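Reading through the structure tokens given below for one structure.
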């Protein structure tokens, strides 16, 4: 991480740090658990963050303890085929990143981030317990294979397993969009020192995610493959309980932001009001548009937003009609909206192209827990007498992330700062673009490894045999390492972008929208798998991804994703150049 003093100096030079919030109380409207104003010295800041980061670390350990090796459980214990197992994993993973929309709306509109995390964590824990039971109780899982005969799971066994799995997907929906924003809420935007510290929080947040992932992809994967799945799922369940305990332990130290009302309702109000005033002309002078005369915005927890010249058709919602001028009644937001409310919707629309380009990147990221694992199962996984679980290779992705965070902060940022003049070296948009380029290299590396693996299978006459080729699984390390580097640029860049550019009262929703790209990326991966399987298996052919990968062409699938990633990157560059940042008054 860069020097705190250096970052603060740069902010001071840019005139971004002000002294308006240097009093005893926070100046951003935050309150304590009882709704009272909070003293800075007693709450928030880094003193509250260990509880939040501990919660995130344990929750991510629990999540990756399930997700990392799930494809192996489905193929070896529930006896599914490679394509079916991969499709189930990506569909579930996609759902885990779709449910945050539910949690985000509840947090921003009604419950606040704290209570949303509390309620959904409990649901999460129940799902983990159900999954552990399904893997532990003999009656809840199919019998082991006898020779080549593998009994299928019964509908009841599938039912219990998938109920637990999708309770986890629902539970994570209230945690993912809220924890990062709740952590950032602990720093007062109106205090110059705390505002600088907030910039460091996201790096530590992502670091804590990967510590949990590191333990899961190494220790827990080994436990699952060697000590049993009941214990392998039970340990993540225990850590989820620890996550809940850690979160509640920090309650007296937390700062809370009051929910500002439903962001979905506000967006609908803008659309309805602009439609009602479709025949009215938008004045050339934007100061004639409706805005509250007070210093504060009409939306709780939000600063006023300056008018922008884009999407002027939406400005009709803020046009003051003759009736409103005569009556002086501006209380019905379904007839007249403030400029800030209109700008909220404009911001989301402007962010949409940037958001959409994250979908293909997420489809690439989904391969780490599916096709990379299946590729690894057909390679030599032994080191002497020790056998490496293929899913544990994702450890190198985590190691890559842990390696690249300090390298990025200590070396890349100072060098980039000299050329760009930006205090963070790269803008959020530049940072994400670099990650998209690295994703192209990642899929290309995976394709090259598969080409060598298939050539070796042909040379040794193993094409018709469903056995691993004598090629070390460590040839996969470069693709995992490149994927980790791509994460550092794209995923952390997304965290910063969607938090900084989102309207103040819609931060949970915008965090959920950034997570939605991961969901849609998983669904896209499932769709591509389905299409590839359909067309490549015509006329009785084995297809690109058969159960015996030695007679398939997984390399074609990787090249397809590399091509899509390259096209996606080019589209992103065009969208990023046209993007205009928000302006808060």
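Glycine is no exception: its Cβ is also placed from the backbone N, Cα and C atoms.
Curation plays no part in TrEMBL annotations; they are all automatic predictions.
Values in this document were obtained by computation on a predicted structure and should not be read as measured data.
According to TrEMBL, the protein has these features:
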TRANSMEM  114-136  transmembrane segment
TRANSMEM  156-175  transmembrane segment
TRANSMEM  201-223  transmembrane segment
TRANSMEM  229-248  transmembrane segment
TRANSMEM  347-368  transmembrane segment
TRANSMEM  388-408  transmembrane segment
TRANSMEM  429-452  transmembrane segment
TRANSMEM  480-499  transmembrane segment
TRANSMEM  511-536  transmembrane segment
TRANSMEM  556-575  transmembrane segment
Go through the chain and flag residues at least 6 beyond the ends of the transmembrane segment (511-536) whose CB is under 8 A from any CB in it; none is fine as an answer.
83, 86-87, 90-91, 93-98, 100-101, 103-104, 176-178, 180-181, 348, 351, 355-356, 358-367, 370, 494-495, 497-499, 502, 543-545, 553, 556-557, 560-561
With the greatest number of Cβ pairs under 8 Å to the transmembrane segment (347-368), the stretch among 229-248, 388-408, 480-499, 556-575 is 556-575
Any contact between the transmembrane segment (229-248) and the transmembrane segment (429-452)? By contact I mean 3+ C-beta pairs closer than 8 Å, pairs at least 6 apart along the chain.
no
Considering the transmembrane segment (556-575), which listed stretch of 114-136, 388-408, 429-452, 480-499 counts the most C-beta pairs under 8 Å
429-452
Considering the transmembrane segment (429-452), which listed stretch of 114-136, 388-408, 480-499 counts the most C-beta pairs under 8 Å:
480-499
List, by number or range, the same-chain residues at least 6 past the transmembrane segment (114-136) whose CB is under 8 A from its CB atoms?
33, 55, 59, 62, 66, 73, 77, 103, 106-107, 157, 160-161, 163-175, 178-179, 182, 229-230, 232-234, 236-237, 240-241, 243-244, 247-248, 251, 254, 256, 508
